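One structure below.
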């Protein structure tokens, strides 16, 4: 009854906060933005998020957590040089930084001190972009109802990136200065400088495209893992299984791509039906096998020589 006599609460994400509860009777405030950690229900009342992230939500958070780690590894490898022995230790340090940042992020999230996360359920794409749905009842005054309807999936990524950056600035320069003796003074810190560029880019990517990434990340993983594997094998001139076994590093790269490919397949299927979804993981080695079996037929020099013979 208290709701019925109040004017309608306009806007997709505007709601009334619960001011007090007297038995079964609730008193509500004015229509407006919901406090952090709450979102509107079907009656336009702000309710506290009491759920926990489902499997797909955790897979999304895992993807966002992997992005800086993969970029760290890429730039460490890119700038370390072939003769440098410091790359492995830097790889391990980057993994340690991201792992600690992930654990600390979970501990500071609500409920504080626990690895459990309290969250709201993602219902549709617009939940990520509540700032686009602020109503203007009289077409003059805008009622600002922007809040995190997907709490905490949106902001927890920013917190994680902040911890990653702080830990990198604390740990990596000391490590690089001590062990990167094989590199020139100007090359030692290039992987750190690269991180100072890609962290702001990742932050903007999450801020603008967080909702799109939430729905598209499994397919992004599959496409990128296929493309980067093909580029790596081509650049490394891998044309047979023997070429893979020559260097252990090539096998590490191959297995890393297989893990990413498996992660993408799991994210798409969500493993809702294990008897149907698990066999799909048998497709993980298929792209690499296809490349190795067909590489000798697509050798550029061979195509050019056969074309010349044809003329």
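Cβ atoms are placed via backbone N, Cα and C, with glycine included.
Feature annotations, courtesy of TrEMBL:
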- 58-76: transmembrane segment (TRANSMEM)
- 88-108: transmembrane segment (TRANSMEM)
- 151-171: transmembrane segment (TRANSMEM)
- 192-213: transmembrane segment (TRANSMEM)
- 219-238: transmembrane segment (TRANSMEM)
- 250-266: transmembrane segment (TRANSMEM)
- 278-295: transmembrane segment (TRANSMEM)
**Asked** Between the transmembrane segment (58-76) and the transmembrane segment (151-171), are there at least three Cβ pairs closer than 8 Å, leaving out pairs fewer than 6 positions apart?
**Response** yes
**Prompt:** Can you say which of 88-108, 192-213, 278-295 has the most Cβ pairs under 8 Å with the transmembrane segment (219-238)?
**Reply:** 278-295
**Prompt:** In the same chain, which residue numbers or ranges, 6 or more beyond the ends of the transmembrane segment (192-213), come under 8 angstroms Cβ to Cβ?
**Reply:** 60, 63-64, 67-68, 71-72, 75, 78-79, 125-129, 150, 153-154, 157-158, 161, 164-165, 168-169, 172-173, 176, 220
